[in-house]
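Participant: I'd like to ask you about the structure that follows.
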Amino acid sequence: MSVKRGRHLFTSESVTEGHPDKICDQISDAILDEILKKDPNARVACETSVTTGLVLVAGEITTNTYVDIPSVVRQTIKGIGYTRAKYGFDAETCAVLTSIDEQSADIAQGVDKALEAREGQMTDAEIEAIGAGDQGLMFGFATNETEELMPLPISLSHKLSRRLTEVRKNGTLGYLRPDGKTQVTIEYDENDTPVRVDTIVLSTQHAPEVTLEQIQADLKEHVIEAVVPSALIDEETKYFINPTGRFVIGGPQGDAGLTGRKIIVDTYGGYARHGGGAFSGKDATKVDRSGAYAARYVAKNIVAAGLADKCEVQLAYAIGVAQPVSIAVNTFGTGKAAEDVLVELVRKHFDLRPAGIIRMLDLRRPIYKQTAAYGHFGRTDVPLPWEATDKAAALKEDVLKLEAN
């Protein structure tokens with residue numbers, strides 16, 4: 001059983017789509033999507049780096065199609081909002097360099113047995129023959145403290161980041177620029193229930209002529225009050241809005257960016273463990289991505305079934321081997337069934353072999369760019385297959401049967 005804690009604080013952060021690292025994630029996933037539109041069976045491992053006036057796209061891509069990578073890069077940057085040189089980065093004038101190789105033959109031989117990717121028609125033996133593209137461990141998590149079954153600190157942080165972008169793009173606060181960060185500290189009570197917002201930190205890039213006082217007043221009214229439930233705010237809640245006083249130089253001009261450097265923002269805000277693998281730019285044969293999605297799918301269905309208040313699932317793989325080398329379930333003392341029973345139910349109801357995950361979640365589609373900002377999990381704005389709770393009823397039914405016997 002979990003040890004009782006006193007009242008305590010927990011903090012998570014998010015970033016806007018204009019953050020340098022997030023620009024890279026979106027470019028990598030935009031390239032992946034563009035390839036998958038024409039070649040669903042492509043192997044893609046696409047890394048991006050940005051700095052002042054420069055984008056470098058590198059990686060390993062094996063495909064039978066052609067994609068105009070510089071065009072995809074420029075469209076993505078334009079969509080984010082870097083459209084003028086005075087923003088420090090401009091979609092039309094930045095240099096775009098590419099260095100793309102094919103996937104290593106040594107890796108390919110372990111996963112190539114179904115390059116035609118007939119997951120829908122494959123026999124069990126054929127699925128078994130497709131090994132994982134790498135070794136590694138992945139975690140999935142869910143908790144019933146929010147409607148989307150995500151921890152509240154990361155949930156609110158993402159909503160604030162998204163709202164910063166909304167008010168910039170719709171003209172409500174036209175002086176905002178694309179780069180920004182948010183952070184939310186939540187106070188939990190002795191029962192690990194979130195009770196109030198302790199601290200909110202917002203930092204946003206802005207036009208040079210705007211005063212700090214105006215930014216602070218506008219962000220409190222148009223961002224914080226529009227997103228954070230008033231019931232969670234009290235007179236003790238602390239606000240730090242652009243606490244350095246000025247944030248004019250931002251984006252790739254302010255900091256270099258890299259794909260895969262916001263893995264905690266992408267997942268659970270540090271509330272759950274992380275296996276270390278990044279998501280963006282990787283096709284679904286990479287278990288770093290598909291395994292983490294499957295683990296979230298499993299954990300969310302366990303919580304949605306009422307079998308635990310919170311649940312963390314760990315999966316681990318060996319390169320070239322289809323079956324996970326381990327499956328672990330941790331319910332932190334909140335489980336309504338024993339954890340070993342839950343592991344057996346997971347094995348029964350979820351096909352966690354790489355080709356099985358691809359088939360189960362239909363992952364050969366161009367659905368990834370939309371995940372590259374504002375989190376891969378707990379999304380209510382886009383229909384992501386690993387967020388479905390379609391296995392919850394069957395899990396609950398099996399537990400009831402076991403209890404009856």
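Don't overthink the numbers, they just go from 1 along the chain as shown.
Cβ from N, Cα, C; glycine included.
Pasting the feature list from Swiss-Prot:
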{"type": "BINDING", "residues": "His19, Asp179, Gly180, Lys181, Arg246, Phe247, Asp255, Arg261, Lys262, Ala278, Lys282", "note": "ATP binding site"}
{"type": "BINDING", "residues": "Asp21", "note": "Mg(2+) binding site"}
{"type": "BINDING", "residues": "Glu47", "note": "K(+) binding site"}
{"type": "BINDING", "residues": "Glu60, Gln103, Asp255, Lys286", "note": "L-methionine binding site"}
{"type": "REGION", "residues": "103-113", "note": "region 'Flexible loop'"}
Participant: Quick one: give me the count of other CB atoms within 10 A of the CB of Lys262 (ATP binding site).
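Facilitator: So the Cβ neighbour count for Lys262 (ATP binding site) comes to 25.
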Participant: Looking at the binding-site residues listed here (Asp21, Glu47, Glu60, Lys286), whose Cα lies nearest to that of Lys262 (ATP binding site)?
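Facilitator: Of the binding-site residues Asp21, Glu47, Glu60, Lys286, Asp21 has its Cα closest to that of Lys262 (ATP binding site).
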Participant: For Glu60 (L-methionine binding site), find which of the binding-site residues His19, Asp21, Glu47, Gly180, Arg246, Asp255 come within 10 Å, Cα to Cα.
Facilitator: Glu47
Participant: Between C-alpha atoms, which of these binding-site residues comes nearest to Lys286 (L-methionine binding site): His19, Asp21, Glu47, Gly180, Arg246?
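Facilitator: Among His19, Asp21, Glu47, Gly180, Arg246, Glu47.
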Participant: Would you mind listing, in sequence order, the residues at least six apart from His19 (ATP binding site) in the same chain with a Cβ closer than 8 Å to its Cβ?
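Facilitator: Sequence-distant Cβ neighbours: Asp179, Gly180, Lys181, Gly251, Gly257, Lys262.
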Participant: Measuring CB to CB from the residue listed as 'K(+) binding site', give everything in the same chain under 8 Å that is also at least six residues away in sequence.
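Facilitator: The list for the residue listed as 'K(+) binding site' reads Cys24, Ser28, Val57, Ala58, Gly59, Leu258, Thr259, Gly260, Gly281, given in order along the sequence.
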Participant: Long-range same-chain neighbours of Arg246 (ATP binding site), Cβ under 8 Å, sequence gap at least 6?
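Facilitator: The answer is Leu212.
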Participant: Do you know which of the binding-site residues Asp21, Glu60, Asp255 has the most other C-beta atoms within 10 angstroms of its C-beta?
Facilitator: Asp21
Participant: Lys282 (ATP binding site) has how many other Cβ neighbours within 10 Å of its own Cβ?
Facilitator: 27
Participant: Please average pLDDT over the region 'Flexible loop' (103-113) for the predicted structure.
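Facilitator: Overall, the region 'Flexible loop' (103-113) comes to a mean pLDDT of 56.
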Participant: Considering the binding-site residues Gly180, Lys286, which residue's Cβ sits among the greatest number of other Cβ atoms within 10 Å?
Facilitator: Gly180
Participant: If the ATP binders are His19, Asp179, Gly180, Lys181, Arg246, Phe247, Asp255, Arg261, Lys262, Ala278, Lys282 per the record, what's the largest distance between their Cα atoms, in Å?
Facilitator: 36
